[in-house]
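Under the heading transmembrane segment, TrEMBL lists 33-53, 114-133, 145-167, 173-201, 213-232, 238-258, 310-331, 351-372, 379-396, 408-433, 479-499. The domain 'Major facilitator superfamily (MFS) profile' annotation in TrEMBL covers 42-503.
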Amino acid sequence: MGSIAEPAPEINHSKPSKPPGIRFIEYTKGSSVSYKTYQALVLIITFFAYLTYHATRKTTSVVKSALDPQSPDVDLKSPFSWRRAYAHKPLESTRNSWVLGSGWAPFNGSDGTALLGELDVAFLFVYAVGMYFSGHVGDRMDLRIFLTIGMVGTGLFTSLFGVGYWANIHLFYYYLIVQMLAGLFQSTGWPSVVAVVGNWFGKKKRGLIMGIWNAHTSLGNITGSVVASILLKYGWGWSMVVPGLGIAFVGIILFFFLPVSPDSVGASIDDDELLSPKKEGEEMTESLLRTKSNDRDAVRFLEALRIPGVLPFALCLFFAKLVAYTFLYWLPFYISHTAIEGRYLSNEESGNLSTLFDVGGVVGGILAGHISDRLDARAITAASFMYCAIPALFFYRSYGHVSMTLNVIFMLITGMFVNGPYALITTAVSADLGTHSSLKGNSRALATVTAIIDGTGSIGAAIGPLLTGYISSRSWSAVFTMLMGAALIAGLLLTRLVVAEVAAKIQGSRTQELPRSRSPVMEV
């Protein structure tokens, strides 16, 4: 039981070394880095790290419309079918749908859309399975090294997908294997960055802080869409290689500067005024417990699964990510094959317009985090957003094609309600449950809990785009019906937690009213 300022026990079996970039900063300054500076570094570095993860993930949705510019074998009875769309499209416009004009074998055939769906599900299935292992490994090794390996590996295999353009590769299994390996390395990201942020920030205002921080997801999608759309006219290979190089570069920066935890860099908690016992007693206790328990064994998978709330939120995220990732992978494609005000947008225009969904997602993530902090009710907030997503999806599908203005408005609203609970659950909720009171101060569950929740969600993320690849060949209305059903189920899965939070609110209000009603008697 040492003092606060004493070095904390090791966070892993081998203590992480101080990043070389931090040592260089301290050498040039001639003094140690403050606790607040470390916190700022953590937020900035992890923000841009996961931004690049999502940027590389988003590029395939833009490239998809270049690989398969048209799907000729679609039922003409559907009013929004792709074949009907191209039948009404000028011949010259169809020919010039992208720089080479005729797609890329084997994705430009009658089964091209289904093959692209198989790429998505292969990537996301490996990503989901890898997530569980990444959480297990992340709680047991230096997260700075683990993240660096993941980012450089992601960059390598994202780039190799694009290399197929210059190498003139038309073998489906090449792209399938590359996507699967990219998904494996992508799975290192989320459990690790949430664990690092959770190590540096207490529970107070966690929803708001992580809601703002989680904007990296939507901004990464926007960056990936814009970069891929701009580079598409030079050849779709560039749309994959450039983001791949970008994430590898950021991974190297992370290796040099990311402080994984306070004890890994010898930072004293009492340097941070926000965690002083007088102001934030609860958070001080949480931080001390976290520090004193670092020598304990990492929490096992089944132990983490039994933490109250983990399973309901994991299942809710399954359906929430099914909706979110269907938009992530298919929205640019849907826009390019749907007439807006009677006009079909080019692939570049569709990719750029789809970024507005993520703009709404930024607002939704921040709003959900702030509301859940103010109400101290994560489940109520997440469920309410999922229920609101249902009419938003209906209006976007029904009226988004009427005018560009309505399309933009409904896309922003849909993005807000779809991404709001997704952002809340994968950040603040995961961090809350990773430091749950049932763990008795053991902090070495953050990455595992995050991996369980987001890994389960990622299975839904794999299923959504896969089903869309098949269902959309018949009708986009059926796709949106599927998404509305998934949003409803996501909200219903939190019913028990919502009831518990409502009951706690009622009990809390009664407890506050009781002293007031007795105060006159006490004064007498």
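Glycine is treated like the rest: Cβ placed from N, Cα and C.
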For the transmembrane segment (114-133), sequence-distant contacts whose Cβ falls under 8 Å of one of its Cβ atoms, 6 or more beyond its ends: 60, 64, 67-68, 106-107, 172, 175-176, 179-184, 186-188, 190-191, 301, 325, 329, 451-452, 454-456, 458-459, 461-463, 465-470, 473
Among the ranges 145-167, 238-258, 479-499, the one whose Cβ pairs under 8 Å to the transmembrane segment (310-331) are most numerous: 479-499
Stretch of maximal Cβ-Cβ contact with the transmembrane segment (238-258) [cut-off: under 8 Å; candidates 33-53, 351-372, 408-433, 479-499]: 33-53
Stretch-level contact, the transmembrane segment (213-232) and the transmembrane segment (33-53), CB cutoff 8 A, at least 3 pairs: yes
Seg_contact(the transmembrane segment (408-433), the transmembrane segment (33-53)) with at least 3 CB pairs under 8 angstroms, min sep 6: no
